[in-house]
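Engineer: Starting off with a structure, shown below.
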Amino acid sequence: MGENTDVTVTTKAKTKTLFSLLTQPIQWLQMLSSKLNPSFVIGVFLIYGLGQGLSGSLFKVVADYYWKDVQKLQPSTVQLFVGVYFIPWVLKPLWGLLTDAFPVRGYRRRPYFIISGLIGTVSAATVALTGNLAATAALMCFLGVSASLAIADVTIDACIARNSIEVRELAPDLQSLCGYFSGAGALVGYLASGFFVHRLGPQESLGLLALSPALTIVLGFVIYENRTSHIEKKQAVMKNVGTTIRSIFKTIRYPQVWKPSLFMFLSLALNVTTHEGHFYWYTDPKLGPAFSQEFVGVIYAIGAVASLIGVLIYHKALKDYAFRDLVFYAQLLYGISGVLDLIFILRWNLIIGIPDYFFVVIEESATRITGKIRWMPMMVLSTQLCPLGIEGTFFALLMCIDSMGALLSRWGGGLLLRLLHITRTDFTNLWLAVLIRDLLRFSILALVFLVPKTGQYEELLPSDVSENNTVHDVDEENLELVPFNGKTEL
């Protein structure tokens with residue numbers, strides 16, 4: 001009788017624990033919605049989940065197959081092309097200034113959501129529906145899709161930065177929210193990408209990229225925003241732009257700002273990417289493991305799950321560590337995980353008896369988990385460096401610096417592939433490219449002294465910086481969806 005009672009108690013305890021694990025995410029979202037705004041959480045889901053997550057993952061896989069099978073380009077050329085349609089992300093400060101200082105009919109946010117959505121929808125539809133499209137024309141369409149994602153991203157990033165400043169204790173949670181949504185969206189996108197490429201073909205699958213910008217258009221119509229006086233705004237534009245630029249230069253000169261900004265730039269620029277060489281080798285039927293289209297999607301989907309695990313590890317265990325310590329050990333693990341690529345390219349995994357299909361899962365998971373843990377604190381640090389009042393433009397500037405580093409990473413990888421003569425059919429020196437990339441990852445450890453030693457909840461900027469940065473003479477921005485009952489509380 002006593003044993004039965006113990007078993008019943010244990011079963012109830014396990015059921016309660018399982019129920020608690022299932023309800024924790026919902027309770028967490030409810031907490032963020034109550035402290036911030038439900039519409040803010042919805043906005044993050046639309047831009048990060050459906051935009052950067054779902055569309056970004058589809059874009060990555062489908063575009064790779066499009067360049068390889070439809071346009072039949074060399075991997076080094078594709079690597080350089082990827083850098084070209086990454087340029088809109090480098091121009092994020094320009095989009096930030098446009099949305100901040102140049103309203104359309106009195107609105108600063110709504111029109112730019114609609115414009116970005118239209119650009120993305122038209123670009124995706126054009127490349128999907130036009131047969132025998134020249135490589136340059138296709139590149140311009142991909143540039144339009146990328147610009148659509150970048151412009152929409154600027155507005156939501158400004159809201160994230162402001163909330164991170166005003167509710168500082170939630171700054172890590174907001175980055176976790178973005179990571180969860182983008183990771184979940186990427187998981188769905190990667191799982192579906194291989195299936196669609198196989199069933200529809202690379203070109204027709206590009207039509208799916210129109211989904212996210214179409215929803216961004218809808219978001220632009222339903223989002224609530226105070227309409228400002230067009231005349232007052234026009235008179236204040238040049239004054240606000242000038243004040244914003246002066247405030248940016250004043251802030252960037254602080255050592256606690258320019259040093260971590262320099263580290264983020266260098267850590268991205270030195271992390272040259274050889275992705276296109278890997279992709280061509282993955283799918284080569286003679287010289288590589290000859291992974292199918294569906295399995296390539298599965299590999300990336302597993303990477304998306306690993307990214308979510310990385311976000312979870314950071315959210316649950318690493319939020320209380322100082323920036324410098326966390327970045328150092330995360331970068332060290334990231335460098336070590338890159339060695340798995342080298343083992344895979346040299347096929348040493350077969351020597352020790354690990355099949356390609358299993359080893360690539362280990363390699364992708366390790367790289368994504370350590371990469372996410374490495375980058376999450378840097379995103380939190382970026383929000384902490386933004387002065388209140390110009391947080392939208394300044395955060396866009398920091399992301400521009402990061403994007404420039406990522407752009408150099410892609411072009412550097414393309415140049416490396418070309419110098420080592422890695423082509424569609426010759427992968428002899430691919431191992432050397434991966435070795436050089438791994439050595440550069442370890443070299444970044446010498447730059448960690450640029451990252452502050454402070455904790456992730458501590459204020460980094462002097463108090464006088466934010467006090468002097470209120471530059472807009474218009475109503476405060478509100479990111480709030482229009483309620484269905486027609487009433488809006490501000």
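Including glycine, each Cβ sits where the backbone N, Cα and C put it.
According to TrEMBL, the protein carries these features:
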TRANSMEM  40-59  transmembrane segment
TRANSMEM  79-99  transmembrane segment
TRANSMEM  111-129  transmembrane segment
TRANSMEM  135-156  transmembrane segment
TRANSMEM  177-200  transmembrane segment
TRANSMEM  206-224  transmembrane segment
TRANSMEM  262-283  transmembrane segment
TRANSMEM  295-314  transmembrane segment
TRANSMEM  326-348  transmembrane segment
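Can you tell me where each of these features sits in the structure?
Structural biologist: A Cβ distance under 8 Å defines the sequence-distant neighbours of the transmembrane segment (40-59), meaning residues of its chain 6+ beyond its ends; these are 29, 32-33, 142, 145-146, 149, 152-153, 155-156, 159-160, 163, 177-178, 181-190, 192-193, 196, 205, 208-209, 211-213, 215-216, 219, 223, 300, 304, 479, 481.
For the transmembrane segment (79-99), the residues of the chain that approach it from at least six positions outside its boundaries are 63, 67, 73, 108-109, 112, 139, 142-143, 145-147, 149-151, 153-155, 157-158, 241, 244, 273-277, 392-393, 395-397, 399-400, 403-404, 406-407, 410-411, 413-414, 417, judged by C-beta separation under 8 angstroms.
Long-range contacts of the transmembrane segment (111-129) within the same chain, counting only residues at least 6 positions beyond its ends with a Cβ under 8 Å from a Cβ of the stretch, are 95, 98-99, 103-105, 138, 140-145, 147-152, 154-155, 203-210, 212-221, 223.
Tertiary neighbourhood of the transmembrane segment (135-156): same-chain residues 43-44, 47-48, 51-52, 55-56, 59, 63, 66, 71, 73, 81, 84-89, 91-92, 95-96, 99, 109, 112-113, 115-117, 119-124, 126-127, 209, 212-213, 216, 392, 396, 479, selected by CB-CB distance under 8 Å and a gap of 6+ residues from either end.
Within its own chain, the transmembrane segment (177-200) is flanked in space by residues 25, 32, 41, 44-45, 48-58, 60-62, 65, 160, 208, 292-301, 303-305, 307-308, 310-311, 314, 372, 376, 379, which lie at least six positions past its ends and keep a Cβ under 8 Å from the stretch.
Below 8 angstroms of C-beta separation, residues 39, 43, 46-47, 50-51, 54-55, 58-59, 62-63, 66, 109-114, 116-121, 124-125, 127-129, 145, 148-149, 152, 196, 478-482, 488 of the same chain, each at least six residues beyond the ends of the transmembrane segment (206-224), sit close to that stretch.
Non-local neighbours of the transmembrane segment (295-314) in the same chain are 57, 60-61, 172, 176, 179-180, 182-184, 186-187, 189-195, 197, 279, 282-283, 357, 360-361, 364-373, 376-377; each lies 6+ residues outside the stretch with a CB under 8 Å from one of its CB atoms.
Within the chain carrying the transmembrane segment (326-348), a Cβ under 8 angstroms from the stretch's Cβ atoms is held by residues 263, 267, 278, 281, 318, 356, 359-360, 362-363, 366-367, 369-371, 373-374, 377-378, 427, 430-431, 434-435, 437-438, 441-442, 444-445, 448, 451, all 6 or more beyond its ends.
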Engineer: Excluding the flanking five residues on each side, which residues at least 6 beyond the ends of the transmembrane segment (262-283) place their CB within less than 8 Å of a CB in that stretch?
Structural biologist: 64, 68, 75-76, 78-79, 82, 289-291, 293, 296, 299, 327, 331, 341, 345, 360, 378, 382, 398, 401-402, 404-406, 408-410, 412-414, 416-417, 422, 424, 427, 430, 433-434, 436-437, 440-441, 443-444, 447-448, 450-451
